[in-house]
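Annotation comment: Swiss-Prot describes 14, 15, 16, 17, 18, 19 as FAD binding site, evidence class sequence analysis. Here Swiss-Prot flags 292-306 as NAD(+) binding site.
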């Protein structure tokens, strides 16, 4: 049965963090959008830890907000603890993080989706895609209903042939309590998309009243919280009643009545239990084939890979105001349940803990992201976009950032418009996508500030300034907000010029600020500016030398970054190009010389050969009239 007589502009398959941002972004730029999910009651569920942000991830969330996404606002409104990480270090590596009320976060997102114009929700499990040659035109569902669309965004998370492990026990599913998407993998493979297996895991959940917090160290939120959204949600009554368990009208404004997290450590007994039972672990017992995340290791990995460490830090994180459930951050495991009980009880403060949910590992299919264009469209299937964990990433924030870009580009593809592509110097989202597409990943990819070579320019406070032209060009923000950002940008640049030019007997005001490390007395007019303006002005003045050096480096890189490679180039017929490089370039088909230079195995000499051929117009062409990635031949 066909659901719609006229095709949707965009169909999004999956309503996790990538799917939500994809569907909202597409709808907000005016595309008639359908969001399909197997269960409308789990839209936006925080499957693992109840937190948003953290190192580099906080910057991604602010970039999502700067581009009109929802994650930042949703976090501010449903957050129950806010902290600025690395606050004693420079602004380039400072990152906001928040604990969220898990259910409130989910419910508010669903409510936002329901109210969004141009967006329709429907509960059905996607079982396969519908193709017309090398182009996707819709999808099939378990209800025997077919949905047709101009573009399709697949955001399946851990559900593609998801298999959960607790010791030797196995159950199909992408998350405890939910089924897996079993047949969609076959549909993708039939279209020529390669799939591999990754693994992730989650720790047990505990009953709060069974914990002894007197044996743990308290971790409070910041007295002056750093929020994620640039627009202060408190100004327009940004409250959401569901999470608070109070009568309507008594909801808690963002940042107020914050809750605490708690810290404890593993013991020698914990280590002994892990080592004694390694063979019963699904991971170490050979039950799991997929590669797990390096930067979020299981407790088994911690005691094997870091055997010299006598103990490991654990965080007890509350899952909400209206629940007594706690998440044990750092205790992910695939050990059997009887061992899990002993592990938990070996930890200070958890000796009498009651387990509400077991820890488990989940194995799932992902598509190596080198099969994508920078727009996140498949090279093989026209109109098919992939975002989130299907691209090999881990984390809500990485998924949401990809989802927003995929949603915008799916809408733009349907209109015949150029895609939105963020540069590495413009956004962490740009670094993320460029890394995935040009380098690929052999393990679940997590973003860090160290991955961004231009991180000095990517501080969390500047996101809406550096992405203003993209937000404006894509019509992702309303006119009032765009005007406000433009005025803020002008004010910052004006104040930087003034401080660099106004002189006193001790030098310019900027020189005095740099000499006194921001302790200098600032002009009263500047002090009357908003804190975000003051902070950005001081940051640019204090680090002006580094800032200018970065800009010069970016300008130099732009000389090759902007050079487009002909779509029909035949790398295997280029004289002097090493065969290893030719094969990798032919497989990934980068759009620009800059992308080509970042592909593993391609060296500067290879790039120089390409540069000369492109500039002289002597690049050999493929014999066919179209490239293998579906791009039209110029």
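Here the Cβ of each residue, glycine as well, is placed from N, Cα and C on the backbone.
Counted over every protein chain shown, other Cβ atoms within 10 Å are most numerous around 18 among the binding-site residues 15, 18, 296, 304. Checking each of the binding-site residues 14, 16, 19 against residue 294 (NAD(+) binding site) by C-alpha distance, the shortest gap belongs to 16. It is 294, among the binding-site residues 17, 294, 302, whose Cβ has the fewest other Cβ atoms within 10 Å in the structure shown.
Between residue 15 (FAD binding site) and residue 302 (NAD(+) binding site), the C-alpha separation comes to 32 Å. Surrounding the centroid of the Cβ atoms of 14, 15, 16, 17, 18, 19, where the record places FAD, the chain contributes additional residues within 8 Å, namely 12, 20, 21, 22, 37, 44, 155, 157, 388, 399, 403. Same-chain residues at least 6 positions away in sequence with a Cβ under 8 Å from that of residue 19 (FAD binding site) are, in sequence order, 12, 13, 35, 37, 153, 155, 387, 388, 403. The C-beta environment of residue 306 (NAD(+) binding site), restricted to residues of the same chain at least 6 apart in sequence and closer than 8 Å, consists of 312. According to DSSP, residue 300 (NAD(+) binding site) sits within a helical segment.
Cβ neighbour counts within 10 Å, taken over all protein chains shown, single out 14 as the most crowded of the binding-site residues 14, 16, 292. Residue density at residue 298 (NAD(+) binding site): 29 other Cβ atoms are found within 10 A of its Cβ, drawing on all protein chains shown. Within its own chain, residue 300 (NAD(+) binding site) has 274, 278, 281, 283, 284, 333, 334, 335 as residues 6 or more apart in sequence whose C-beta sits under 8 angstroms from its own. Counting only the Cα atoms, the space from residue 292 (NAD(+) binding site) to residue 16 (FAD binding site) is about 20 angstrom. Across the structure, residue 18 (FAD binding site) and residue 296 (NAD(+) binding site) are spaced 20 Å apart at their Cα atoms.
Cα separation, residue 16 (FAD binding site) to residue 298 (NAD(+) binding site), rounded: 23 Å. Distance between Cα atoms for residue 304 (NAD(+) binding site) and residue 14 (FAD binding site): 36 Å, as a whole number.
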